[in-house]
Amino acid sequence: MEDKWVIELIEQLAQFKEGEIGISRLAFSQADRQAREHIQGRMKDAGLDVRIDAAGNIIGRLAGKDPEAPAVATGSHLDTVPHGGKYDGVVGIAGGLLAIQRLQARGPLTHPVELVVFIAEEASRFGYSNLGSKAMNGTANIHAWSRAQDHSGITLKQAFLKQGLDLSAVTAAARKKEELKGFVELHIEQSRILEKTGSKIGIVEWVAASTRLKITVEGTAAHSGATPMDERQDALVSASMIVLAIQEISLEQSTYGTVGTVGAQIVHPGVMNAVPGMVEMWVDIRGVDHDSIIQTLQDIKDAISTIAEEQHTPVAMEVLSSEKPVLMDEHMVETIENVCRSRGVSYRLMNSGAGHDAMYMAHLTPTGMILIPCKNGLSHHPEESVATEDIMTGIDVLTEMLYRLAK
């Protein structure tokens, strides 16, 4: 019955979306708000004491025998990328809620146990990721966030206000280290390593850091018919050369696990009968080797400089965010290993190429991460799919992990 309960909850949350293709539930959208309200209700139904912090994180707490003891926490996120899947983040929420209900049935534990629904994990809407976990660990960048806006011109400050929140007050969400004993996140892998190796559980050692760039290429808008080819300063041509350069640079650094993606472009004026006068594009660099990331950035800067000079199109590069790879807590990794061994579950130690709230919680409290396979490694995609059996295996490991920490 538990498997049906979990899948039903995942399907219920999947109903809160915008559009027909996949799951589009951008941070602070109406669909996101509806999903958050639904999970709050389910958490209260489970007997948890539910509150919302200054950043909008939902925190459901199962009391422990010792009211002064630090809490053991689990959780993930509900927001998605445009046209994403139904499991990204949600598995950690639904699975975390079931795990806590199982712990309730075992009887009172010494430590409180919390389920955290982090707000705004994805950077898709405002260009900044993991707002909730950054606020919780005390690294909220209010100055930068205050300048953020989506493609419709809605500012992050306005989005917070619509949720009844004050962006300038999110620092109040920061927690003290002594409040938490540890944090464990259950998540889908978003790659094919587990599927290819036949392992049921991935135990994360390193979480890749992301460095996000905005590159602006300035050309000269002109009539597409009247302007000779040899007299053009075509911003899109230069931008295309930069895209190819980033591809080549990233391939060279891929031996160190570094990847580079140009994920979005806006062309101005954006009509077929005008030479592009400006191109804005956004770049995502990720990896677990900090030296490789630094080298990748330097190579991109050098390539941009060369292309700008040769094409007579000035190029500006802005670093929107820059993180360092995060190492999961050694004791947490070992404990997850022991849980898997005791249950006869196949596992492998691995790195996570995707960023997660766990990497920011790791700055606050000892943190571990449990990954489960997803079909063909597809994620951030409408066809994202996870076997029910794998979800339940992940929840089993999470439950035992929380029990060992909280008993």
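Every residue, even glycine, has its Cβ placed from backbone N, Cα and C.
Record features, source TrEMBL:
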type    : residues         : note
BINDING : H77, D88, H187   : Zn(2+) 1 binding site
BINDING : D88, E122, H380  : Zn(2+) 2 binding site
BINDING : R212, N273, R286 : allantoate binding site
DOMAIN  : 212-310          : domain 'Peptidase M20 dimerisation'
Inset, instruction - List, in sequence order, those binding-site residues among H77, D88, H187, R212, N273, R286 whose Cα sits within 10 Å of the Cα of H380 (Zn(2+) 2 binding site). - result: D88
Legend entry - Collapsed DSSP category at D88 (Zn(2+) 1 binding site): coil
Inset, instruction - Just give me the nearest neighbour of R286 (allantoate binding site) among the binding-site residues D88, E122, H187, Cα to Cα. - result: E122
Legend entry - Candidate binding-site residues E122, R212, N273, pick with smallest Cα gap to H187 (Zn(2+) 1 binding site): E122
Inset, instruction - Helix, strand, coil: count each for the residues of the domain 'Peptidase M20 dimerisation' (212-310), based on DSSP. - result: 46 helix, 31 strand, 22 coil
Legend entry - Additional residues surrounding Zn(2+) 1, by Cβ distance to the H77, D88, H187 centre under 8 Å: S76, Y87, G89, V90, V91, G92, E121, I188, H356
Inset, instruction - Select the closest residue to N273 (allantoate binding site) from the following binding-site residues, measuring between CA atoms: H77, D88, E122. - result: E122
Legend entry - Inter-residue C-alpha distance, E122 (Zn(2+) 2 binding site) and H77 (Zn(2+) 1 binding site) (nearest angstrom): 9
Inset, instruction - Could you state the whole-number distance in Å separating the C-alpha atoms of H77 (Zn(2+) 1 binding site) and R212 (allantoate binding site)? - result: 21
Legend entry - Cβ atoms near N273 (allantoate binding site) (within 10 Å, other residues, all chains): 8
Legend entry - Site with most surrounding Cβ atoms, counting all protein chains shown within 10 Å, from the binding-site residues D88, E122: D88
Legend entry - Taken over the domain 'Peptidase M20 dimerisation' (212-310), the model's mean pLDDT: 97
Legend entry - Candidate with the highest Cβ count within 10 Å, taken from the binding-site residues H77, R212, H380: H77
Inset, instruction - Within 10 Å of each Cβ, count the other Cβ atoms and name the one among the binding-site residues H187, R286 with the highest count. - result: H187
